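Asks: The transmembrane segment annotation in TrEMBL covers 21-44, 50-69, 76-99, 119-137, 149-170, 176-194, 215-238, 250-272. Residues annotated as domain 'TLC' in TrEMBL: 72-280.
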Amino acid sequence: MAREERQKNHGNASVTFKTNKITPVFFGATLVLWIVSVIFEIVFNKRVELVYVVAGCCFYQMANLVMRFAVSKDPLVINTSVSLLHSTICSISVVFILLNQLASKSFEEVFDHSQLFGGTWPGAYTALCFSCGYFAYDQWDMLQHHLYSGHIPSILVHHFLLLICFTLALYRNVTINYLILTLICELHSIFLHVRELRRMAGVRDAKKKIVKMEWVLSWMTFFLARIGSHILITAKLIRDANIFGQGVELPLALFGMAGMNLLNVFLGLDLLKAQKREIKNSHQQYHRD
């Protein structure tokens with residue numbers, strides 16, 4: 001949803017809001033503080049496992065440079081392409097982690113509260129670190145090329161909150177598996193990014209088979225991987241509420257999932273409008289021809 005807003009406001013060049021100085025300064029400053037915090041944990045607290053956060057940042061920045069030289073000079077095309085790469089890698093990682101667990105344990109064991117809250121599935125910590133690095137890279141790329149709109153851009157706020165939640169979980173080594181489950185929605189993000197790139201490439205005819213298939217897969221993953229998974233996670237949190245301790249984990253988790261579910265509703269409405277608009281434009285183009 002936020003990325004569609006970014007695309008609509010991206011003209012022939014990057015979107016620049018020279019009158020709004022607070023937004024880039026605030027989010028840039030918070031990103032610098034986040035970087036300092038991660039480096040401090042790695043160097044002074046000997047949290048060597050967090051080096052995968054830095055590795056994630058470097059990997060996606062390198063992918064950005066490769067896209068710039070090999071694909072396009074357009075910052076929005078590059079950013080969307082790297083986002084597609086992240087969604088693909090993240091989706092494969094999450095599915096592999098889950099299948100690996102379900103192959104050796106029962107369904108009840110895998111999704112037991114003790115596992116979701118205090119446990120860490122093999123590969124889950126590294127995958128979360130890598131995604132955390134991506135969100136930091138993406139925040140920097142959007143700030144650098146002004147790929148956002150408004151005084152309080154929803155995409156920057158989204159990444160800001162995710163970085164806080166992911167980093168705190170990584171520092172405290174709790175709710176890692178819960179956060180991995182939330183990343184199942186990246187399966188749907190794949191088709192969001194594909195749609196953006198497809199439209200940037202000029203393929204907008206809703207009557208084409210490939211476009212119809214893309215919409216079918218997009219809606220399937222929207223309801224299963226995004227809506228379905230987030231509702232189930234929310235239900236699990238509510239069901240296990242009495243097992244949580246007296247800390248802030250449960251309130252933060254419930255607040256975060258409430259926000260995600262609300263954003264999912266708005267995203268679904270935006271997708272429905274986008275599909276209707278695409279079909280309408282195709283009909284108009286057909287009659288003109």
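Cβ coordinates are placed from backbone N, Cα and C, and glycine is handled just like the others.
Automatic, uncurated: that is what TrEMBL annotation is.
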Asks: In terms of Cβ proximity under 8 Å, which residues at least six beyond the ends of the transmembrane segment (76-99) contact it?
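Replies: Contacts of the transmembrane segment (76-99) (Cβ under 8 Å, skipping residues fewer than 6 from its ends): 3, 6-7, 10, 14, 60, 63-64, 67-68, 110, 121-124, 127, 130-131, 134, 137-138, 141-142, 145, 147, 180-181, 183-184, 186-187, 189-190, 193-194, 196-197, 200.
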Asks: Quick one: average pLDDT across the domain 'TLC' (72-280), no decimals.
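Replies: Taking every residue of the domain 'TLC' (72-280) together, the mean pLDDT is 94.
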Asks: Can you work out which residues elsewhere in the same chain, 6+ from the ends of the transmembrane segment (21-44), have a Cβ less than 8 Å from its Cβ atoms?
Replies: 50-51, 53-54, 136, 139-140, 143, 146, 148, 150-153, 156, 160, 163, 167, 171
